[in-house]
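Visitor: For Lys277, Arg351, the entry in Swiss-Prot reads active site. Taken from Swiss-Prot, the feature Mn(2+) 2 binding site covers Lys265, Asp270, Asp288, Glu349. As annotated by Swiss-Prot, Mn(2+) 1 binding site applies to Asp270, Asp347, Glu349, with the evidence given as sequence analysis.
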Amino acid sequence: MLHVNFTEEESLNTQALIVFIDDKLKLDSELINLDQQHHGLISKTIANKLQFTGKYGQIKIIPSVVKSGEVKYLVLAGLGSEEKLTEVKIEELGGKILQNVTNAKIATIGLKIKNRISNFTSSHVASLIASGALLASYRFDKYRTTLKEADKFVVESFEISTDNNAEATKLFEVKKLIAEGVFFTRDISNEPSNIKTPQIYAERIADILEELNVDVSILGEREMKNLGMGALLGVGQGSQNESKLVVMEYQGTNKDAPYIALVGKGVIFDTGGISLKPSNNMHLMRYDMCGSAAVVGTMIAVASQELPVNIVGVVGLVENMPSGNAQRPGDVVTTMSGQTAEVLNTDAEGRLVLADAVWYAQEKFKPKCVIDVATLTGAIVVSLGPTYAGCFSNNDELADKLIKAGEEVNEKLWRMPLHEDYDAMINSDIADMANIGNVPGAAGSSTAAHFIKRFIQEGVEWAHLDIAGVANSNKPSSLGPKGAVGYGVRLLEKFIKENYEQ
């Protein structure tokens, strides 16, 4: 993990110094002094607008002409219009800086920031820049044994001086704890499915959360059978690896205060079962457990901060595999709620896992609200692409709060429709419901949401986040490499902190 330290200006001792310049290209007195120390290098660079214009996100690394001293490079970072800067933009700028200096093989970087930028104090800006750099420093290359040393390069340290280092440190320490939740989510999601079997995944959850005073229970197939979880167990019955239900209970306030329940789909690998998927890109189905990973990452972020809230996380961990024991299209399963479901397509398995998991969470913990997170449907990818996750909810206020939190951390949600017509589409001729709609190709995300909605008890606020399009990316972003994004951790942490702290 990138080492970040807030220190006094005279203690800065780094190979590169970051310089913020907006699109007006005017240097304040501090930058004029720095420019003079470096023989006009900054002013000469910005005078040539072909080299640097100050637009947001532009990074220009220039070697220092001063032979003495530690600073070998100046890193010009464009702010664009200061009036348009947001927390998201500042944080992403930190990520862009880290990525550029990593490519330039610069081991230590420094930043001096004493003045306000737009509406933000220097300590606030510094914490956001450091947070973005930290998130962007993430790597998952432990299985790459032939990497050249040059390709293993990482930035070692980030030294920052502000007008209030104590405040900057306090702000950043919170963001660092959240990043640890994001990194766990990315790590476990990126793991190959042969490495993260349900048992191994469950053990990793227990190992990290029990150190944070979270009670973790792992239910095996015998316990789930006794509870009547026929839907979840049916999905995993074709696999040699036993299905698990992991229950994470965090009490940060009065035990009588209501719980928030976070429920995650954890399909460790999804072949589609007997309704087998095409082989093209099937390897990406290792990411079909990203909803569960987001729930665990959120529990880490909340518990490590010791937030004064009560939260339970429930994740169903299964493998959807074809075999002689696998569930067949046309099978009928009885859920923990007592309702029955006809499995018309074994590749619509996530909603079956969630049906039993959300019911268990409600029966055991009586939560005020339930939020489930799942890479549930390809239809949501068609609808929203890689920009938004879909948000379905039976409560307008809950949906609005989630959407607001998502905007604040750039994990965007788009409200999607629920309607009685969609609910009618999942009626079955031989069971209480079917696991796919009866109009081929129509409203697949909404019918999936309605399936889950049938397991939400009266009076419980509920939201379903379909993250299939945003959970993993085939290209890098400002805050991380391609692969698992860690989507949902920062969104849910922000939502919980803004709405449920006692």
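Cβ coordinates come from backbone N, Cα and C, glycine included.
Please go over these features one by one and say how buried each is and what sits next to it.
Guide: Every protein chain shown contributes to the tally, and the Cβ of Lys277 (active site) ends up with 14 other Cβ atoms within 10 Å.
Summarising the environment of Arg351 (active site), the number of other Cβ atoms within 10 Å of its Cβ, over all protein chains shown, is 28.
Annotation note: Glu349 (Mn(2+) 2 binding site) sits in a coil segment as assigned by DSSP.
All protein chains included, Glu349 (Mn(2+) 2 binding site) registers 28 other Cβ atoms within 10 Å of its own Cβ.
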Visitor: Compare the Cα of Arg351 (active site) against each of the recorded positions Lys265, Asp270, Lys277, Asp288 and report the nearest.
Guide: Lys265
Visitor: Quick one: among the binding-site residues Asp288, Asp347, which has the most Cβ atoms sitting within 10 Å of its own Cβ?
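Guide: That would be Asp288, with the highest Cβ count within 10 Å.
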Visitor: Taking the mean position of the Cβ atoms of Asp270, Asp347, Glu349 as the Mn(2+) 1 site, which residues outside that list, in the same chain, have a Cβ no more than 8 Å away, listed in sequence order?
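Guide: Near the Mn(2+) 1 site, beyond Asp270, Asp347, Glu349, sit Val235, Val267, Thr271, Gly272, Gly273, Ser275, Lys277, Asp288, Asn320, Thr346, Ala348, Gly350.
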Visitor: Measuring Cα to Cα, how many Å separate Asp347 (Mn(2+) 1 binding site) from Lys277 (active site)?
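Guide: The Cα atom of Asp347 (Mn(2+) 1 binding site) is 8 Å away from the Cα atom of Lys277 (active site).
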Visitor: I need the nearest neighbour of Lys277 (active site) among the binding-site residues Lys265, Asp270, Asp288, Glu349, using C-alpha distances.
Guide: Asp270
Visitor: Would you say which of the binding-site residues Lys265, Asp270 has the most Cβ atoms within 10 Å of its own Cβ?
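Guide: Buried the deepest by this measure is Lys265.
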